[in-house]
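J.: Here it is: the structure, laid out below.
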Amino acid sequence: MKQATLFSLSVFLLFWSTTLGISPAPAAAPKAPATKTPHTPKAAAPSPKPLVPTLPQSPDSPDSVPDDITIILKKAKMFSTLIRLLKTTEIINNVNSQLITAKTGGITILAPDDSAFSNLKAGFLNSLNEGQKIELVQFHILPQFVSSSNFDSLSNPVQTVAGKDPVRLPLNVNALGNSVNISTGVVNATILGVVYSDNKLGIYHVDKVLLPLDFFATSKAPALAPSSLAKAPKAAKENSSEDDQGETKQDQNKSGAVSLVGHGGTKFMSLGIALMAVATMWG
């Protein structure tokens, strides 16, 4: 009887739980993974502003270094005289070879335009010998690449292909704001803009021909003062007269004779001859 009662009670509870929809408590929801705040990259520092502006007529810089810089200069249409000097001095061959073979360093060319050459004294270029023409072109080439924003980092005097001699070949660069000025001791020039620039070659337009100081150095000794030159012959004449008189006196002392020459002797000799002639006539 007890078993039947327990069975009936179990069936009732099962029916009751099913009817009421009693279900086991839901499992706790999993915790959401913690999210990290995304890292905001710092803004890149602005690149330094170029000291030298790019010229409107400048050719585009290719990915590779050109093998002939005259092509660049021709495109700019204002450097005919410089191109001619580069070719006649054969420096163009050395420059092109260095650009092709050099792995580091590079070259910077300070290029005067045709107007700058025309402002030179008439016949100046023709008056230079071959060695001077070579030095003139080399004086416009720096044996390193200088970007348009790095002229203020150069140390004066700046070395050129012509050499680094502060006495003979001074080249001083002064970069201030957006202006770059160059002084050679003879001329003061200004860089007007970038003709061409990549990671090995920089060509910059300058408004004047950079003349080396040693073209105008003189080695002549200073002329003597006119007063010294005027007095010298007189002093020599007086010394000569005194010497002659001294020698005459010495001769007189040795021989006991008196010289008539120079003290009216000629007149006395003539008078003596006349008296002898009269005595002969009366004798």
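Note that Cβ sites are derived from N, Cα and C of the backbone, with glycine treated the same way.
Just so you know, TrEMBL annotations never went through curation; they're auto-generated.
From TrEMBL, for reference:
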- 1-21: signal peptide (SIGNAL)
- 27-63: region 'Disordered' (REGION)
- 27-46: compositional bias 'Low complexity' (COMPBIAS)
- 66-210: domain 'FAS1' (DOMAIN)
- 228-257: region 'Disordered' (REGION)
- 235-252: compositional bias 'Basic and acidic residues' (COMPBIAS)
J.: What does DSSP give as the helix, strand and coil breakdown of the domain 'FAS1' (66-210)?
T.: 49 helix, 36 strand, 60 coil
J.: Across the domain 'FAS1' (66-210), what does the mean pLDDT come to, as a whole number?
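T.: Summarising the domain 'FAS1' (66-210) by its mean pLDDT gives 94.
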